[in-house]
Amino acid sequence: MLRKVTFDPEVFFNILLPPIIFHAGYSLKKRHFFRNLGSILAYAFLGTAVSCFIIGNLMYGVVKLMKVVGQLSDKFYYTDCLFFGAIISATDPVTVLAIFNELHADVDLYALLFGESVLNDAVAIVLSSSIVAYQPAGLNTHAFDAAAFFKSVGIFLGIFSGSFTMGAVTGVVTALVTKFTKLHCFPLLETALFFLMSWSTFLLAEACGFTGVVAVLFCGITQAHYTYNNLSVESRSRTKQLFEVLHFLAENFIFSYMGLALFTFQKHVFSPVFIIGAFVAIFLGRAAHIYPLSFFLNLGRRHKIGWNFQHMMMFSGLRGAMAFALAIRDTASYARQMMFTTTLLIVFFTVWIIGGGTTPMLSWLNIRVGVEEPSEEDQNEQRWQYIRVGVDPDQDPPPNNDSFQVLQGDGPDSATGNRTKQESAWIFRLWYSFDHNYLKPILTHSGPPLTTTLPAWCGLLARCLTSPQVYDGILQPGPIQNTQAASSLLPKPRRR
């Protein structure tokens, strides 16, 4: 009976995790994500690495203490401690973000937490794989070896960049297929092809030796940015709802199985010293990368990350499905069994205690919540931000029946359009210009005609790649303009 209720860990990575990660990229709110792009990258990459090494070194001290007091029954190496630091650094604040979305919390704080958690999962997976690949030469396979260390760094960079490239290329290919074919005339076939192309990204990356989760994440971001604009109205609705359902089912199954694994896993290793040390280590590791990084980031930010935001980010460092999946993937050794048991307890504690205390913490830190949705009359008079999957900052559509998600404006302290441009990271401004002038016209039916942005000697290629809809769009008012206001500015025809 225990064997029948024991789940194959590989099913998590091959079946359950891809829709969760893809949905995270596909539902990304790009305006606020890219406005905080530099901070998100710093928290996700540098912060995860700092957290990993701090937790790993603290846990190595705990292991030495356990050996002195006689509570260590088998070998526990320094690389095992670093591996534990990598998997437990994967934050998954699903509960917190759900409450943020329900209460309409500050959009910048939401973007920082969401962006960090999405990229943080990808970094944690590749970092744990690089630590496993660390194998020094010689008899002592667990001593420090500079050559093996730099090899692991190279593996990390190679796997991450290869997975990123594969995911982005698959998204670009899907965008080209949906643009230059008549798939939009067959919405069901279009939805099926979109789903299969997205899932094949994961399988293709795993087959090539890369990380499928990283590939499918960036595939989702690329699909939302380009392919979504080429889909028919029916396919947009179907793909959005399909991945929402798959994400919901997979995540609930994983959390349900966590509770089951606490009682059915047959090789639990409960060590009070290791468990208490792990809780202290993750607290210190989280604090060591949130507060120092925020201090340095604020030196270059116009819109500072306030102390209340930093405290909330510190508080919201939950551990969830990703840490559990990484821990259960290998439970063969004594060290891995102890790490799995401790990870399970940490996930339960953070989800119950921190997830349940999110609303009181928001009130205590005076973080703005409860921004009401404007009425239809106010929508026509005020400039609110309507963020829809696949819609760029310069393409904020007016609300209609097929809008999937409405995100309220930044409030009285913001000038929506100007602030977005001023607060955006400089790297985003460069990327946005290149994307708007070249990539969007090539891959979608929007943007300026390539005949106006490419050199004159590329005229034939520009005419072939630019769709007729782009030329038609020049004569029509932009999507962020009010339709009635735009029509009122046009000259009225005179009767003869």
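Backbone N, Cα and C define each Cβ position, glycine as well.
On a predicted model such as this, the values are computed, not experimentally measured, just so you know.
Features reported for this protein in TrEMBL:
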DOMAIN    5-364  domain 'Cation/H+ exchanger transmembrane'
REGION    390-420  region 'Disordered'
TRANSMEM  12-28  transmembrane segment
TRANSMEM  40-60  transmembrane segment
TRANSMEM  81-100  transmembrane segment
TRANSMEM  112-134  transmembrane segment
TRANSMEM  155-177  transmembrane segment
TRANSMEM  197-221  transmembrane segment
TRANSMEM  242-263  transmembrane segment
TRANSMEM  269-288  transmembrane segment
TRANSMEM  309-328  transmembrane segment
TRANSMEM  334-355  transmembrane segment
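For the transmembrane segment (334-355), same-chain residues at least 6 beyond its ends with a Cβ under 8 Å from one of its own Cβ atoms are 73-77, 80, 83-84, 87-88, 95-96, 99, 255, 258, 261-262, 265, 267-271, 274-275, 278-279, 282, 315-320, 323-324, 327-328. Counting Cβ pairs closer than 8 Å to the transmembrane segment (242-263), the top stretch among 12-28, 155-177, 197-221, 269-288, 309-328 is 12-28. Sequence-distant contacts of the transmembrane segment (309-328) (same chain, at least 6 residues past either end, Cβ-Cβ under 8 Å): 9, 12-13, 16-17, 20, 43, 86-88, 90-96, 106, 108-109, 112-113, 116, 121, 124-125, 128, 251, 254-255, 258, 261, 282, 286-287, 290-291, 294, 336, 339-340, 343-344, 346-347, 350-351, 354-355, 357-358, 361-362, 365, 367.
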